[in-house]
Structure formats: C-alpha cells, structure tokens
Amino acid sequence: MNFYFEASEVLNRIDAKEGSIKGILATLPENNRSRTAALVIETLKYKSVLTDVIQSSKLLTEEKKKINSLNLALVLVHDTLLANGIQAGDGPIKQAILRHKTRLKSELQRIKIKRGVKSDVELAQASDDRAAKIPRYVRVNTLMWSTEEAILFYTKRGFQLQSPFALSKGFGIDEHIPDLLAFNPAQQFRDDPSYKTGKIILQDKASCFSAFVLSPPCNDPDAVVIDATAAPGNKTSHLSALMGNKGKLYAFERDKRRFSTLKMMLAKAACRNVEAVNADFLTIDPSHPKYSLATHILLDPSCSGSGIVNRLDYLLEDEIEVVEEERLNKLAAFQLMMIKHAMKFPHVQKIVYSTCSIHATENEHVISHALHSDEATSSHFKLAPRNDVLPTWNRRGQAEEMKGTSDADSLVRCSPGEDGTNGFFVSCFIREHNSVLPQTEPLKKRKVETEEVAPEKRKKKRKKKVKTE
C-alpha cells in the first residue's frame, strides 16, 4: 500500500505546482521510480473521468475514515477499474475500495455511454499536438564516451541516420548543439543501458542552449563556474562536460529534496569537477573566497514554465489557468534579483539567463530592467552580440518588448510547435573590456524584493544569510 501512498503524494505535489510532472517524478527514488511514474501518468490521463466516478459513487463520503484524500482514491480507483486491480495485500483501505467496486464500475459505464465511447482508452485525455513535432533529444555525455561511439552504438542496434520523423528508428545529428542527437518522438530510452549508466542525458534541445551559450572554459584547471539553480542537473552536467571535467563548477540548489536529485544525477553522469551546494544562490556572498573567483554564471531560475509542451504536462491542460499578471510580476522580480546578484561577483565576465517561459514579462522585460540597473552600470555589463549567441538561430527576441532597440537581436527565443523544441528564452550578459569589480565588503544581509519590477522603490524585507561551509 506504500506504493499507492507515494503515488498520491506525487499527485499532491503536482496539485501544489511544485514543478513539472517530469521534474517531480525525477525526485523519486530510482529503484521504484518507473513503477510509480507509470501509475501517476496513467492516473492523470483519466483524472477527470476518475474524479467524476469517485464523486458519483460517494466513495469519499462513505469511506472518509479510511480514505481521506482524493488523490489516494484516484490511484486506487484507477487500478481497480483500468488496470489489474490494487497491487497490495488485503487491508482496510483496499477493502473500502472493493466494497464500492460494483458502484464504481457502474458509474464508469454511465460516463462511457454519456460520452458515446465504447472503450476505456477513448476516455483518456488527448495529448498536446505540438509535442508530436518535438524529436526525442538525447545529449551524449562526453565525459563517458564520444558522439562517434554513441552513433556507432545506436546504428548497431538498428537505428539509421535519417530524419527522426522519416523512420521510427531514424535519428539525426543536431545542427546547432554539438553532441546532441534527435530521435523519433515515440522512442523511449528509460530502459536503454546508455541512459541507465549516464552515458546519455535526455534533454530538450532548447534546454541545451543555456550551457552552450555560456561556453565555460574548457580543460582549464583554474576555471571557476557557477550554476545558480542547478537541480535536477541536466544543465549542470552539460556545463561539466563542456569544461572537460576540469576546474571547479559550483552547483547551488536550495531545496533539500531537489538537492538529493542533483547529487544523484551528477554521480550518475560522472561529473567530478562539480561541488554541489545546498544553499540559496541569493544568500551567497559575492566576496566569498571560493565563489568570488567565478568568471561564468548560469542562471535558469524558477519561471512560469509556460513554454513547456512536453509529453507529460499536457495532462494538466484542463487545469491550466491563464497566468495572472501578479504572479508573473513576482517571478520577474525574483528573476531580476538573480541577475543583479550575479553581476556583483567581482570576476564574472559572462552571465547567461534563461527561462522556459514564453512571456515577455519574464524575458525581454527582465533583460531591459537588468540592463538599466545600477549593478549593470557599475559593473559594465551589456548584452553579448548576436554572433556570440547562436547566430544561426533565426528566432530572436521581440523588438517591440525591448522598446524597439537593437538589443532584441542578441536574444534567443524558441517557439513550441514551430522550432522543434519546447518554448525557451536565452540571453547572455558580458562585462565590457574584461573589467573586474573591486573586492566588495562581506555580505551581511540580502534584500528580498517581492513586488513587481518597476522603476519606483519597493518594500524590502530581510532574510538571514545561509551558511555554506
């Protein structure tokens, strides 16, 4: 029965919007992840139907002492009606469900008749059509083998170097990101030995842009790089590979559960130059002896996730509401704080800021405010020219959202359904003339801005600094 409690807890976290379905599932213990993920995904496919069945049968009303959670009822009723029964020993909770089995089946049949369908499969929620246009991207982990070895491995397994949409076993070499392969969207890699051993990373193409644009020093034992919001670890492992596992890469993650996921990911990918730090990047003193030496910083902070149209999050489509302006403004304020804080590190020469959002509020507007901030002025930051930011990628920033300036051409956008990726945004700040800030005084406190980004003053509140040593 613990299996069902774990699955219902995942549904609770999804309801609480703690992250994407994929991201939350990635935090589960690996030994039971596949089984729990399968139940969660299948339950979400039929969630609206199962909810109607549960409500009509009055299951929660009559068995409230045994089953006091809708999500627990959902996973149990799913297996009762749509799978091979509840996979657990006879206990009070299972017996409570079985007492209502006849009524549950009757309510399910009533819904099928009402909707004019004959099979259970026809009740499942339809997928997002845009996801079918996105290849299954596989990044070769060059810390463990070469792209040439990976291509040979897959061709020996019956795959062919052709368009991933031409054949079910077709795959291609990406034209923009080195070491990235594109397979047919229907291909699954969860049981692939290369995936299980960390030799390949399942990562959307647009998500690879961030580390590639940052372009950290390669094979430099003195390099110091920061990934400010690292979990689950895809971008961190990409940075590590680009650095050739040399130098030092500090990976910050404030959430304990996501931090555990990050450490597992880095160990699996053989990232030996990474030091994972369970701390909030905003609490890190830019003058800290270790971190002040960073020359490259990657910022991929929390965002609305409005660009994600992957194969799982369509399951929440009927629950997605129009993102409120107030929430976007709060996210933008936080994102701007991240950029401004990164600009305070005395030796940083390059900062990449990215989101998986399609909203200008979190993208072009944040960039505009950052460019006009005191931090950018005093530290001599500007946007890198287009030639340094995926110059052959055609979709750029929205000029009308950048007040018509030419800066929009320095920005990169990805449109879901049109560019073969999820929705994404990438920008790159560089320090002019390789200038270096004078060493700052130790950070005593940090200021937290909670109101929307605007020129006027905001209320600020204090938060204690998190110790990292």
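Note: Cβ is positioned from N, Cα and C throughout, glycine not excepted.
As the structure is a computational prediction, the values presented were derived from the model and not from experiment.
Under the heading active site, nucleophile, TrEMBL lists Cys356. The Cβ of Cys356 (active site, nucleophile) lies under 8 Å from the Cβ of Ala206, Ser207, Cys303, Gly305, Ser306, Gly307, Ile308, Asn422, Gly423, Phe424, Phe425, each on the same chain and at least six residues away in sequence.
The feature S-adenosyl-L-methionine binding site is assigned by TrEMBL to Glu253, Asp280, Asp300.
The compositional bias 'Basic residues' annotation in TrEMBL covers 457-469.
What TrEMBL lists as domain 'SAM-dependent MTase RsmB/NOP-type' is 126-432. For the domain 'SAM-dependent MTase RsmB/NOP-type' (126-432), the model gives a mean pLDDT of 93.
What TrEMBL lists as region 'Disordered' is 439-469.
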Residues flanking the S-adenosyl-L-methionine site, with Cβ no more than 8 Å from the Cβ centroid of Glu253, Asp280, Asp300 and excluding those residues themselves: Asp227, Ala228, Thr229, Ala230, Ala231, Phe252, Arg254, Asp255, Phe281, Pro301
Cβ-Cβ neighbours of Glu253 (S-adenosyl-L-methionine binding site) (radius 10 Å): 26
Pairwise Cα distance maximum in Å, S-adenosyl-L-methionine-binding residues per record: Glu253, Asp280, Asp300: 13
Asp300 (S-adenosyl-L-methionine binding site), number of other Cβ atoms within 10 Å: 24
